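Student: Attaching a single structure in structure tokens format; questions to follow.
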Amino acid sequence: MPDFSMSNLAVAFSITLAAGLFTVLGSGLVMFSKTPNPRVLSFGLAFAGGAMVYVSLTEIFSKSSEAFAEIYDKDHAFAAATMAFLAGMGGIALIDRLVPNPHETLDAQDPSFQESKRRHIARVGMMAAFAITAHNFPEGLATFFATLENPAVGMPLALAIAIHNIPEGISIAAPVYFATRSRKKTVWACLLSGLAEPLGAALGYLVLQPFLSPAVFGSVFGVIAGVMVFLALDELLPAAKRYSDGHETVYGLTTGMAVIAVSLVLFHF
């Protein structure tokens with residue numbers, strides 16, 4: 001397996017950090033902006049979902065199979081990659097079951113939300129931050145390892161996760177800001193949650209680095225592919241559909257796939 005230089009590690013970590021910091025952008029939309037156009041939001045979420053699905057199934061899963069092929073024959077390598085992919089989906093589904101993502105439960109326009117006591121709203125914000133932070137750890141690990149092995153794969157994935165992090169920031173910022181009216185506390189809540197991604201990357205690398213091998217890389221990339229596909233299908237696409245009854249979701253989905261497909265072709269040249 002490749003021996004990564006400090007510059008490789010720095011680039012991968014920086015891209016992971018940048019993707020995580022997009023959570024803070026969500027706080028800015030809550031504090032300073034008007035309500036975003038639902039159709040634009042729908043398109044953007046679907047775009048991110050399409051990008052994540054495409055890059056996961058065409059590039060990241062292939063990297064898993066290629067890594068396993070260094071120790072198994074082609075058929076067994078594909079089977080091992082498939083098992084890792086399914087394990088990734090199962091693992092993130094379990095996390096989602098134990099710590100549900102609060103996207104669907106937070107709506108600043110809901111009357112019951114507006115009328116709740118500030119202490120209760122603050123507690124909702126803390127729960128949202130905790131839940132999203134738990135989901136951010138595997139996302140950070142995915143971005144870091146994908147970029148570390150091949151920036152042509154990692155950068156499109158980081159872009160998709162960055163877009164995905166904006167509504168997550170809104171989910172945290174809305175209850176915190178309405179409860180405290182403090183921009184500082186709101187930004188800090190989003191920042192701490194976003195930093196879970198580079199933290200997940202750093203911890204994951206420190207734990208796995210002594211054991212890096214074709215089997216480990218194959219397992220990591222297979223799990224990453226499964227996690228990303230699950231997140232796209234479970235969070236991004238349903239959220240995109242909720243914001244629009246038109247064709248914005250399918251347009252965003254196909255555009256995201258097309259843009260990532262073209263970018264990957266260009267990277268290969």
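From the backbone N, Cα and C atoms, a Cβ is placed for every residue, glycine too.
Small disclaimer: the values here were computed from a predicted structure and weren't measured.
Under the heading transmembrane segment, Swiss-Prot lists 12-32, 41-61, 75-95, 126-146, 152-172, 187-207, 211-231, 249-269. According to Swiss-Prot, the feature Fe(2+) binding site maps to Asn136, Glu139, Asn165, Glu168, Glu197, an assignment based on sequence analysis. The annotation Zn(2+) binding site is assigned in Swiss-Prot to Glu139, His164, Glu168 on the grounds of sequence analysis.
On this model, are these features tucked inside or out on the surface, and what's nearby?
Tutor: Tertiary neighbourhood of the transmembrane segment (12-32): same-chain residues 108, 132, 136, 139-140, 143-145, 147-148, 151, 154-155, 158-159, 161-163, 165-174, 177, 183, 186-187, 189-191, 193-198, 201-202, selected by CB-CB distance under 8 Å and a gap of 6+ residues from either end.
Sequence-distant contacts of the transmembrane segment (75-95), counting only residues of its own chain at least 6 positions beyond either end whose CB sits under 8 Å from a CB of the stretch, comprise 61, 64-66, 68-69, 134-135, 138, 218-227, 229-231, 234.
Contacts of Glu197 (Fe(2+) binding site) defined by a Cβ separation under 8 A and a same-chain sequence distance of 6+ are given as Thr16, Leu17, Ala19, Gly20, Asn136, Phe137, Glu139, Gly140, Thr143, Ile161, Asn165, in order along the sequence. According to DSSP, Glu197 (Fe(2+) binding site) sits within a helical segment.
In the structure as shown, the Cβ atom of Glu139 (Fe(2+) binding site) sits within 10 Å of 30 other Cβ atoms.
Within its own chain, the transmembrane segment (211-231) is flanked in space by residues 1, 52-53, 55-57, 60-61, 63-68, 70-71, 77, 80-93, 96, 135, 138-139, 141-142, 145-146, 149, 157, 164, which lie at least six positions past its ends and keep a Cβ under 8 Å from the stretch.
Non-local neighbours of the transmembrane segment (249-269) in the same chain are 42-55, 58-59, 151-153, 156, 160, 237, 240-241; each lies 6+ residues outside the stretch with a CB under 8 Å from one of its CB atoms.
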Student: 10 Å Cβ neighbour count around Glu168 (Fe(2+) binding site)?
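Tutor: Other Cβ atoms within 10 Å of Glu168 (Fe(2+) binding site): 28.
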